[in-house]
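Undergrad: Just dropping this structure here.
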Amino acid sequence: METHPSSPPKKTLSSSSSSSVGRPLVKVARWTSSGRIVSLSRDDDLDMSGQFSGQNDYINYTVMMPPTPDNQPVAAGSGDTGTASELKPDSGYGGGDGGAKMDRRMSVLTSSNNKSMLLRTQTGDFDHNRWLFETKGKYGIGNAYWSPEEESYGLSEGVNVSDFMDKPWKPLTRKVKVPSGVLSPYRLLVVIRMAVLVLFLAWRIQNPNTDAIWLWGMSIVCEVWFSFSWLLDVLPKLNPINRATNLAALHDKFEKRTPSNPNGRSDLPGVDVFVSTADPDKEPPLVTANTILSILAVDYPIEKISCYISDDGGAILTFEAMAEAVNFAQVWVPFCRKHDIEPRNPDSYFSCKTDPTKNKKQLDFVKDRRWIKREYDEFKVRINGLPEAIRKRSEMYNSREEAKEKKLARERNGGVLPPGEQIKVAKATWMADGTHWPGTWLIPSAEHAKGDHAGILQVMTKVPENDPVMGHHDEEKLDFTGVDIRLPMFAYVSREKRPGYDHNKKAGAMNAMVRASAILSNGPFILNLDCDHYIYNSLAIKEGMCFMMDRGGDRICYIQFPQRFEGIDPSDRYANHNTVFFDGNMRALDGLQGPVYVGTGCMFRRYALYGFLPPRANEYSGMFGQIKTTAPNYGQMDTQSELEDDSDTQPLTSHPDLNLPKKFGNSTMFTESIAIAEFQGRPLADHNSVKNGRPPGALLLPRPPLDAPTVAEAVAVISCWYEDKTEWGDRIGWIYGSVTEDVVTGYRMHNRGWRSVYCITKRDAFRGTAPINLTDRLHQVLRWATGSVEIFFSRNNALLASRRLKFLQRVAYLNVGIYPFTSIFLVVYCFLPALSLLSGQFIVQGLDVAFLSYLLTITICLTLISLLEVKWSGIGLEEWWRNEQFWVIGGTSAHLVAVLQGLLKIIAGIEISFKLTSKSAGDDEEDVYADLYLVKWTSLFIMPLTIIVVNIVAVVIGCSRTLYSVIPQWNKLLGGTFFSFWVLAHMYPFAKGLMGRRGRVPTIVYVWAGLVSITVSLLWISISPPDDTLSATGGNVQV
């Protein structure tokens, strides 16, 4: 609709008020649909052609205005002048309704200098809303508004609103940097403390204590090592980062209907989940079964998930417990999908203290939950009753076999049992179908013991169909109408074990599962979990897949998730949560080349686990790795002939880890699966910046069902002889030769140029259990520290790493191998306060201003650094303090023994064996923390206990010595007592653990401890009385 406003007499600048003379005036005007300029204040028509000519031409400037319907250009041939009513239907903008409809969309300037008027009115004063109201115009075309009346909008056929609503390419992940207001002061304080430490050590060396040179020397050596150790620990923390994922973008790319995916099936790659267990007595089958149930119910495409459990003990109890778990999963998994249950571990879910009905919308949820809870209680009864059921069944079948043998003996002897002849029948363990269990028997015998049994592979759930299978209403069970009731494939694996073979503990079991899974499912990604670590966040696998499928994800070897624990005492007495490491150190390593592999909760790229090099990598040279260059490509082996080629045609490399793997074994089926896994693990090539990608829709084909030859091949690759003359454990798979095979395996991947990512999810990805008993906790730390010592004395030492390892990443791995040796200096330093009090000397000549100033500055810097570290890592101050306490406890006990064991292995060749940490509860079943109060004596207690006793006695002796001295040396007493209490404060959790449950330590113990201390102190004074002749400054505190 055109508007024709009134046209009062025109007014120029000369008609303005006298206050405006001599400077340009600005008039507010609008541009009507007819192309006329109208003042908004007086509705005057303005002649813009010459109004501002003359000396004020400088105001004619151009402002580009967004294309709105009132300044759209006219199609060619319509003329330079005219009105909107003169527009032809075939002018290129018409839709067939004629000019009347187009008149509401655009207007044409009528003046002869339309361009001049357009430029002079583009000053930001155009009122678009008023124009829409007066002209009933439209917004134009785009993704903000689309006319419902005319979908084509006058454009060519085939163009509609969906073309404008297509979402742009989105990354699946992003980095969230730590605020500079926290990180910059943190780095500055680190530099300041380094400088102060150098000055302090220089001062200490230049000012020896001549009265006790031995005490001064020991303290100097310890302080130098502590400074070096602190430097190794803090340098990798200078660049911490956070990461975030975009699950919506992952869904749009891989699970949305597209031209390449018309049915909307999942184009995500497959994932094989590994669960490892070894002893059902120490790792209860109910705990393992709950972990398996959480995996089977994970929120990931069902046909793309496969679950494997490795039973390295070959126990029938674990086997039948898994069969029961699969039976219960047929109702538990659909229940979780129907009601969106979190967590999907039934034991943890039913133990939650929160309201179960929160955010549950379906009316039958309460009824379903009550029914499934009853089913789970029955499931627990069946699991807990399995040991007795298996024993009775085996006794019954053995009695029957013995009766058969007696019958045969009678038949051979004329119906009479020969006198004195003993009928020997093997005490076998029987399965429910009446056959012998091929694994370990309850009463071990030849070929049926823990280290001597056949390989077992049982596929307990078949490969799921590619299309959803919806449930129906069942009066005896639950109403699963509209719920997918499929289960992922699940297989039980127990590798063959025979005497005379080195089975390489957990690493060998994991490699056996890698080969078996490559034959059965060949998922390009592998998630490994301990039997007590279940999936707490059903979207955890998708969160990890965001990193693998994002741009540059083809260079990622594994995604490490933080370990979170349940069942820890509220005070976390022994720092079991280990948040300083998981939220501090690991987050900082993510800013370098990636976190270390910590054994569980890790998603691997199968191709990287096979020992291949990344598609792209960098090399770092120079003293501090400051020179970055592109690493040479040593070639990738893509064909089977190249994989089997043992010739020396491959180019020589600068490091043995950079050679390509060749010896995978004699399984052709396994060798052919390598290239498939590599291709399926590539990110989606949906953007020009994505390198080494795969086309969309490449993973939509259904998996073929398993047949007998495939399963037979999988059984063959888990035999004990398969790894002979291969590179398994040396270059391929989990690396052998260390009790901490996890750290070595991750180090080898980083050494080849791969990088890893630390994935911290809002909801914990996985949760597990940790030993809260002091003895079990120390044995766990002992195993870790022993593995670190083995790493230091092996070719896996970071000093021997390739140039593909970043400098600070090298420092972090070097610290992994060196930190146990700090225990030697820590033990000496913990005895120094006692030695000072007993000898009446101190590590310095006197508490003068310089020493106290340095000590105060170092302490303040360390405190501020710790506070800032707490800030960017998100840990609590109490958690930080518990970590400091247990660092002293573990350093003076487990770390020291680990160094001794490592040296014995290197020098004398004595092998080190460890037992599994028991996950059973304490004697008090009503108290979930009963295990915390159990006192199980171990030799690891000797050194910390000695330090506590010696320091307490030394404090008493020091006080007695000072009180009985002619001239008391209060400065030395103050220094020695302060450091003794520093040691005792760190040892407090250890002492509390030895006391057992609160209130159970008799009072007489405290009485006798005081009496013994007083007696020893008096005895010491009588043997070594204080000197009467003292220096003039000996009894004064110098300030």
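For all residues, glycine too, the Cβ spot is worked out from N, Cα and C.
Pulled these features from TrEMBL for this protein:
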type     : residues                               : note
REGION   : 1-23                                   : region 'Disordered'
COMPBIAS : 9-20                                   : compositional bias 'Low complexity'
REGION   : 67-98                                  : region 'Disordered'
TRANSMEM : 186-205                                : transmembrane segment
TRANSMEM : 212-232                                : transmembrane segment
BINDING  : Ser276, Lys282, Glu283, Asp312, Lys505 : UDP-alpha-D-glucose binding site
ACT_SITE : Asp312                                 : active site
BINDING  : Lys506, Asp530                         : Mn(2+) binding site
REGION   : 634-658                                : region 'Disordered'
ACT_SITE : Asp742                                 : active site
TRANSMEM : 812-837                                : transmembrane segment
TRANSMEM : 849-868                                : transmembrane segment
TRANSMEM : 888-910                                : transmembrane segment
TRANSMEM : 940-967                                : transmembrane segment
TRANSMEM : 973-991                                : transmembrane segment
TRANSMEM : 1003-1023                              : transmembrane segment
Undergrad: Across the record's UDP-alpha-D-glucose-binding residues Ser276, Lys282, Glu283, Asp312, Lys505, the largest CA-CA distance in angstrom?
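TA: About 16 Å separates the two most distant Cα atoms.
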Undergrad: Where, among 212-232, 849-868, 973-991, do we find the most CB pairs under 8 A to the transmembrane segment (888-910)?
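TA: If we count Cβ pairs closer than 8 Å to the transmembrane segment (888-910), 973-991 scores highest.
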Undergrad: Where the distance is taken from Cα to Cα, which of the recorded positions Lys506, Asp530, Asp742 turns out closest to Glu283 (UDP-alpha-D-glucose binding site)?
TA: Asp530
Undergrad: Quick one: do the transmembrane segment (973-991) and the transmembrane segment (212-232) have at least 3 Cβ pairs under 8 Å, skipping pairs fewer than 6 apart in sequence?
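TA: Touching, no - the transmembrane segment (973-991) and the transmembrane segment (212-232) miss the threshold of 3 or more Cβ pairs under 8 Å.
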Undergrad: Measuring C-alpha to C-alpha, could you say which of the binding-site residues Ser276, Asp312, Lys505 are within 10 Å of Asp530 (Mn(2+) binding site)?
TA: Ser276
Undergrad: Restricting to the same chain and to residues at least six past its boundaries, which positions have a Cβ under 8 Å from a Cβ of the transmembrane segment (186-205)?
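TA: Counting only partners 6 or more residues beyond its ends, the transmembrane segment (186-205) has Cβ contacts under 8 Å with 216, 219-220, 223-224, 227, 230-231, 234, 238, 844, 850-851, 854, 857-858, 861-862, 864-865, 868-869, 872.
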Undergrad: Quick one: Cα separation, Lys506 (Mn(2+) binding site) versus Asp312 (UDP-alpha-D-glucose binding site), in Å?
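TA: Cα-Cα distance, Lys506 (Mn(2+) binding site) to Asp312 (UDP-alpha-D-glucose binding site): 8 Å.
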Undergrad: What else in the chain is close to the transmembrane segment (849-868), if you only count residues 6 or more beyond its ends and a Cβ gap under 8 Å?
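TA: Result: 182, 185-186, 189-190, 192-193, 196-197, 199-200, 203, 207, 234, 880, 1038-1039.
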Undergrad: List, in sequence order, the same-chain residues at least six positions removed whose CB sits under 8 Å from that of Asp312 (UDP-alpha-D-glucose binding site)?
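TA: Correct list: Ser276, Thr277, Ala278, Ser494, Arg495, Lys506, Ala509.
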Undergrad: I'm trying to understand the geometry here, so how far is the Cα atom of Lys282 (UDP-alpha-D-glucose binding site) from the Cα atom of Asp742 (active site), in Å to the nearest whole number?
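TA: That separation, Cα to Cα, works out to 21 Å.
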Undergrad: Return the residues near Lys505 (UDP-alpha-D-glucose binding site), defined as same-chain residues 6+ apart in sequence whose C-beta is under 8 angstroms from its C-beta, sorted by sequence, else 'none'.
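TA: Non-local contacts for Lys505 (UDP-alpha-D-glucose binding site): Val739, Glu741.
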Undergrad: Inside 10 Å of the Cβ of Asp530 (Mn(2+) binding site), count up the other Cβ atoms and send me the figure.
TA: 23
Undergrad: Far apart in sequence but close in space: which same-chain residues, 6 or more away, have a Cβ under 8 Å from Asp742 (active site)?
TA: Tyr597, Val598, Gly599, Cys602, Trp734
Undergrad: For the binding-site residues listed here (Lys282, Lys506), which one has the lowest count of neighbouring CB atoms within 10 Å of its own CB?
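TA: Least crowded of the binding-site residues Lys282, Lys506, by Cβ count within 10 Å, is Lys282.
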